[in-house]
Amino acid sequence: MSVCTEIDYKLYTELRKIAGNSLFLFNEDGDFVEVVSNSSFKFLLPVGLFSSMDIPLKKPIECNTDNDIEHSKNVVMPNLYPFQERVASEVLSSIKKKVELKRPMYVTLHLACGFGKTITTCYLLSVHKKKAVICLPNKMLINQWKRAIESININHLVSVDGVGNLLKELVKKPADILIIVSRHLSNKEFCKKIHVDYDVFVLDESHMYNLMNNSTVTRFLTYYPPKICYFLTATPRRVNRIYCNDVINVSNSSDLKKYIKIVEFFFETYSSDTIRQMVKKLNTNYNKYHMYTEKILAEDVPRNKLILDTIIYDFEKMIVNRLIIVTKLRKHMMFFYTNLIEKFGSDIVYLGDAKNKNISDIVKKIKSINRFIFISTTNYSGTGLDVPTLDSLVICSAVMNSMQIEQILGRICRYSISKTRTVIVFPNTSIKEIKHMIGFFTQKIITLAIEKLGFKKIDKKGNKQEFALCKAFNLQTR
């Protein structure tokens, strides 16, 4: 259970530093309310808050971790890279220190996309040898985790048919590791069971949850706090530190050669009846999240042609080999799929459509192919798509926040035999009404890629053979 207490001014100040403008917690009556300074009410402070040495303990927090896995001698320890071993060592040292100081064993693993958070976590589970729950935001990540848990030879159960069926199955067949989706936590009976019977809780892609909202995960961490808890993310939300306040971020020296190619082109102004109708909604509430900006961009015929020409040229010249193309809209995705499958055929071009029930089979297939083009949306590919062999990324959309950008770029930052990674962006549009907006958001992608993730801008002078760039240079010199 969380720590029920009044919040004095000093603690309130610390909490506001983490939460920002508004701080919401459950009060002692179970209401999720905003906390104000000098309140006389009592609130439930998540135990994970006290995992940081900067927060004074209200009382010692001791947990008995006695839910050992069966057949612990059969566990296979995974092989880690040196930089992953460094993280695992630091985490285990932190856990040991927390036990000594009677603080909660909560750690956020803030590790870059492609670092290997899944295998590193499996190593930690192998060391703990305690029963664990792995909580995922969606089913798309299940296969990735299932393969990883199978590799360490621990008895596990994957829940795909709902929490009710899982509870029935656990009566017949106990499991050392459960792989679930987060909506299972809306079931109180299930929460009580894992609180009692499981010691470790892993919240994968923790940035997907805003724990300042009254969500199932927020309630679970408040009322059924795990004994050992790991948050995994490449792009942490600061507010979530209230629930897991010790962050380990070990930078690794990557030997990947990462480049970002900026394909600039000065278009003649283009429009159509469809575009003109959508332009009317640009400065209205309909475009609050830039949905119409992206819809208009998807209708940009000259820009779409430039993207296609660039992809075809680079793929035929083997400049890119294992390529992922991402769009914001499904319609835009289908446009590129239709054109590219006509050019290269179904043995090369694959569709990453979340609506396709066989999508996991497609992802599995491309992992074994030497050259392919995989076309998907930012929604499907942004988090959890695990194809380590990807070496190139074409971004057709523009409007993304920093977290989304880093997640998308992370699709090609995983370790594989190939060491070169290329991102291709298109900062120009032929539609004058969104010209500056597209330029602004594309520059945001470029800046984050270079300054935070270590990509290098390709010198345009060294790429005059490339069709799209060559056309752009010719236009500029006329």
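Just so it is clear, glycine is given a Cβ too, placed from its N, Cα and C backbone atoms.
Checking the ranges 28-31, 128-131, 204-207 against Swiss-Prot, the motif 'DESH box' annotation falls on 204-207. Using the Cβ center of L111, A112, C113, G114, F115, G116, K117, T118 for ATP, the list of other same-chain residues with Cβ within 8 Å runs, in sequence order, T120, A234, G410, R414.
The residues of the motif 'DESH box' (204-207), classed with DSSP into helix (H, G, I), strand (E, B) and coil, number 2 helix, 0 strand, 2 coil. In sequence order, Q144, W145, A148, D204, D386 make up the list of same-chain residues 6 or more apart from T118 (ATP binding site) whose Cβ falls under 8 Å from its Cβ. According to DSSP, T118 (ATP binding site) is assigned to a helical segment. Helix, strand and coil content of the domain 'Helicase C-terminal' (307-454), in residues and according to DSSP, is 68 helix, 26 strand, 54 coil.
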